[in-house]
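Undergrad: The structure under discussion is supplied below as structure tokens; questions concerning it will follow.
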């Protein structure tokens, strides 16, 4: 049976000991997709500046959220992230705004949660800024795209 | 053309003025679905205590995140939430863990973002606690289920 | 059998609904006692400025902690405290530094936890500032002294 | 006369320079005791789930508070804790809930305050969850149990 | 002799009691001026997008900082700001970037510190984004421009 | 043309990658000047305790703000500061309160923003504590005094 690393033998939540783990370069890339309708697409494209500030706001919110991951996810370790980026792209035909985040660290623990938190909060910020136009926005497929570094090795989503 | 309430005529992000809005009872309910595989389902069910602490941890993370919404989403107003709940249920057959959050306020602005933030962070916490078992967990369909109160009236997802 | 207000019928942690509670003036007073030895007492008194800055630092830490209560205690509501004070007094004979905090609010929920958090963090700050002198400081008798306002009425410790 | 490391020659609070200190493995263990009455003991034991969620909530609050220590205690350094645990046990006869926390770091400064903050906030969370049942709960004997690592060497409470 | 409202008769810092103050509409406007050189002006204007993202980032940082005022300034009350805006303008000739912030509240205490904090942090963010180009940027004339509401009445800087 | 390090080729804000930068000792010193009038000077000097607690409060606020820099300035990296100090001096004749802050780190990125944030927030705290006496206080000349360490070498303001 697989093991929960965050739960001890008594079934209690713990923040695991990473002090003996090797310090390696670690990188993780994650995504969140925001599904909007045609009206929202048109509003975003109506005046490039609108998309500009909506996207700038989401990028910054995502970057700042990555730095708050250990405050938000109870068993995450505080980390000194060496890089965070959030990229956004709007597919006018499908109405999908793709949020892709990257987090990087030289340290003893992976940065998947930092990348996922950045993508989620950037997506929520887009939601917030567009919700006056459309009430049924959906954030879907929040997932890890790839990770490298650390004992468990590399991972890439199919 | 629809209007972004969070962007002014010059295309700049603003935190809108809610001081003239009526103070009403507002409630919002949101969801996030966490798709896990059979191995993770089995691990969660293996010893009820495991699911117990994973779910307790996610509930608390979601409740605390709701209170941090205005820190995370740049243009959200600080609010004095009067209630937050996060409910979790695991469907053993589909491997879907449904996170349903509720936020409540007597105030001048809606609480959709608070409910959505609670659901998202609870889902990310489940992800974090299960990621040692499964690397391809997906959080999908983060969306508003319903909201009541305020000028724009009630909304229910289909 | 008595009821936990923060746990629902399924045994799950919840942040209770206070939206129907009456808005009244609420005040709570709490204490924490820091037991130090004679060497620490002497160091505090050696140059009034030492006690001055140790106590100023503890007062400010306590006031700021009161404002962070809902971040620290998972099921506490965010509140707009209208007043916080932290008073400190050193009894040279017993080596007891008494921390007494007061929190005040006009609102729908009590402020006991805010007063207790202020007293605890002020006491921890004194501990931090004196720990280079003495390693076996004890913080004892953290408790509510009195509270007024709200449905459950007044309380005074014996 | 002993020296306050956090106060300079002019009597002013400073955050000391640790840049020349050796990076060693450091660990600290602290406790807080929560004294409850028989009614609270019975309520905690009435349905194992109650104790379960009260204790899970306190454990998580304690772990998260350890990560916030440098925000709460003004002169503490920000640290990248490598491990935090909070253990809770209820002695039915005495009505004492013992909170024992451990903090671990490979770094240049000790982690006593992190362990003490974790224990204090976990104890305050138990207080919060039980205060509807009993108004005169006391948190007592918050103290360091042991510490290892660093220039000042090991310490164990008697 | 004038009185410090944040210091009691014993010379100790306190967070004053505002519970008896009238709840009125309050607004404050503040500024900070960032003095940059011609090279920085040219870099900002070289590609409108550069100024765009530098200014968007500063606006958002300022808005978020206004919401953190009570965390930053020890004796400020937590407030539920109803509006915050940050406007930026670059005078190409003088090389002055003017940051003008506005904070609004219906409540019992003024919002000068919130407006001043927003302006200061927006200015620091511009500094951060331009410091790779120019090392001797100066932030000058951080001051209140005007305030309205509350017992002490209106104020306008000359 | 000079380059913005925090903006990528597409004009989007990014948190730059510091993982390949050398870990060196870095130190930065910054200032903020608070201009007050004679009445405020007299009030500060009237009873040494007044200046004492106003200055102690500002020092602590500045130190705590330095630790929050990466939360406030969106593209700053989280850092483990090894030292922070804030010194204050009042020139009775000119009415200028000089705030001088120092931040120190052994790490991969400079600490200018940490020093500048400490000085700014300490100055804002003085403003807050004196604003009941004088409404037209000005914070001027917030600037870097010197920095050492890192690839770009030393800098001293003229």
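Glycine residues also receive a Cβ, built from the backbone N, Cα and C atoms like all the rest.
Sharing the features that TrEMBL gives for it:
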type     : residues                       : note
DOMAIN   : E:15-150                       : domain 'Molybdopterin cofactor biosynthesis C (MoaC)'
BINDING  : E:75, E:76, E:77, E:113, E:114 : substrate binding site
ACT_SITE : E:128                          : active site
Undergrad: Give the distance between the Cα atoms of residue E:113 (substrate binding site) and residue E:128 (active site), rounded to the nearest whole Å.
TA: 22
Undergrad: Counting across all protein chains shown, how many other Cβ atoms sit within 10 Å of the Cβ of residue E:113 (substrate binding site)?
TA: 27
Undergrad: Among the recorded positions E:113, E:114, E:128, which ones place their CB within a distance below 8 Å of a chain C CB?
TA: none
Undergrad: What is the number of other Cβ atoms found within 10 Å of the Cβ of residue E:76 (substrate binding site)?
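TA: I get 24 for this one.
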Undergrad: Within 10 Å of the Cβ of residue E:75 (substrate binding site), how many other Cβ atoms can be counted across all chains shown?
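TA: Total other Cβ atoms inside 10 Å, all chains included: 22.
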Undergrad: Using all protein chains shown, find which of the recorded positions E:114, E:128 scores highest when you count other CB atoms within 10 A of its CB.
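TA: The largest 10 Å Cβ neighbour count belongs to E:114.
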Undergrad: List the helix, strand and coil residue totals of the domain 'Molybdopterin cofactor biosynthesis C (MoaC)' (E:15-150) as derived from DSSP.
TA: 51 helix, 45 strand, 40 coil
Undergrad: Measuring Cα to Cα, tell me the gap between residue E:114 (substrate binding site) and the residue listed as 'active site' in whole angstrom.
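TA: Cα to Cα, residue E:114 (substrate binding site) and the residue listed as 'active site' are separated by 21 Å.
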Undergrad: Would you give the longest CA-CA distance, in whole angstrom, between residues of E:75, E:76, E:77, E:113, E:114, the set recorded as binding substrate?
TA: 12
Undergrad: Around residue E:77 (substrate binding site), how many other CB atoms lie within 10 A of its CB?
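TA: Result for residue E:77 (substrate binding site): 22 other Cβ atoms within 10 Å.
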